[in-house]
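Written out below as structure tokens is the structure these notes cover.
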Amino acid sequence: MASFQDRAQHTIAQLDKELSKYPVLNNLERQTSVPKVYVILGLVGIYTFLVFFNIAGEFLVNFAGFLIPGYYSLNALFTSGKADDTQWLTYWVVYALLTVVESAINAAYWFPFYYIFKFVLILWMSLPQTNGAQVVFHSFLQPVLGRFFTSGSTSANLRAQADAASKSQ
């Protein structure tokens, strides 16, 4: 069984390999002589520290909640597949719900470490490796709210029924 240090070195090597795909990080490493992995891990550590102690936590979490999902949402607009549309529409519905609820009840005051919870939830829902928004959609939104949005629902196709009735006359 590999020791903790061996696993950490392996993970750092994998992360370094992944980060080597980005020329900006390679240039930064050459100019500063600081390994890009340590720069990224340091920035992630500072970011997490600030969110944990709610030093600009709301801004930092909302920034993270917009940056990555915003990119992937724009990407989804230019593809023809439906799966990514469901992923990102669900993400934005849950994100909007969290934002409205947090402002309505002053969540950061009533729930300690609220921004850590929101940050972890946002990452889980938005990262392509986890597709958590799909889980939220299939586990909660579709079973609970799906009956209000089915094609047979009066509210969902009332306009179509009215148009069909007016054309038949």
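Every residue, even glycine, has its Cβ placed from backbone N, Cα and C.
Feature list (source: Swiss-Prot):
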| type | residues | note |
| --- | --- | --- |
| TOPO_DOM | 1-35 | topological domain 'Cytoplasmic' |
| TOPO_DOM | 77-86 | topological domain 'Cytoplasmic' |
| TOPO_DOM | 125-169 | topological domain 'Cytoplasmic' |
| TRANSMEM | 36-55 | transmembrane segment |
| TRANSMEM | 57-76 | transmembrane segment |
| TRANSMEM | 87-103 | transmembrane segment |
| TRANSMEM | 106-124 | transmembrane segment |
Contacting positions for the transmembrane segment (57-76) when only residues 6+ beyond its ends and CB under 8 Å are counted: 47, 50-51, 84-85, 87-88, 91-92, 95, 99, 102, 108, 115, 118-119, 122-123, 125-128
Cβ-Cβ under 8 Å with the transmembrane segment (87-103): same-chain residues at least 6 beyond its ends: 58, 62, 65, 69, 72-73, 76, 114, 118, 121-122, 125-126, 131, 133-134, 136-137, 141
Non-local residues, at least 6 beyond the ends, that sit with Cβ under 8 Å of the topological domain 'Cytoplasmic' (1-35): 41
Chain residues in Cβ proximity to the topological domain 'Cytoplasmic' (77-86) (below 8 Å; excluding those fewer than six residues from its ends, i.e. six or more beyond): 133-134, 137
Local confidence of the prediction over the topological domain 'Cytoplasmic' (125-169), expressed as mean pLDDT: 75
